[in-house]
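Peer 1: Quick one: this structure, given as structure tokens, is what I'll be asking you about.
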Amino acid sequence: ARCQCKVAPRERMNCGYPGISAGECRRIGCCFNASVPGIPWCFAPKAKRVRKICADDSHPRINCGYPGISAQECERKGCCFRPRPAGVPWCFYRLVVEE
């Protein structure tokens, strides 16, 4: 998650108290960079960018429907529909992946 700490100095949101140590700052899940004076050294990381995908067949599927659900009904629920293989849910939740 190193890249989440690449925040332009002027965009840094303070995430600690004055004089916080680098170790304490990181322990509370924040970024620490003391290279620019006069701006927060302990700051909030950038939000993770995520997207939802229909995972490939190697991922376990989490059922999102019921036996006999149609592809349209499944997709209307925002889920993935793959009528194969037998023995696994054909309508399943999307997988959240970090970009």
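Counting begins at 1 with the first residue displayed.
Backbone N, Cα and C atoms are what each Cβ position is placed from, and that goes for glycine too.
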Peer 1: Looking only at Cys30, Cys79, Cys80, which is named in TrEMBL as the disulfide mate of Cys54?
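Peer 2: Candidates were Cys30, Cys79, Cys80; TrEMBL matches Cys54 with Cys80.
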Peer 1: Determine, on the basis of TrEMBL, the cysteine among Cys5, Cys15, Cys42 paired with Cys25 in a disulphide.
Peer 2: Cys42
Peer 1: Which candidate, Cys3, Cys30, Cys31, does TrEMBL give as the disulfide partner of Cys15?
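Peer 2: So the cysteine paired with Cys15 in TrEMBL is Cys30.
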Peer 1: TrEMBL annotation: Cys91 disulfide-bonded to which of Cys31, Cys74?
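Peer 2: Partner cysteine, according to TrEMBL: Cys74.
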Peer 1: Anything within 10 Å of Cys91 (disulfide bond)? Look among the disulfide-bonded residues Cys15, Cys25, Cys30, Cys42, comparing CA atoms, and list what you find.
Peer 2: none
Peer 1: Could you check the disulfide-bonded residues Cys25, Cys30, Cys54, Cys64, Cys79 and say which one's CB has the fewest neighbouring CB atoms inside 10 Å?
Peer 2: Cys54
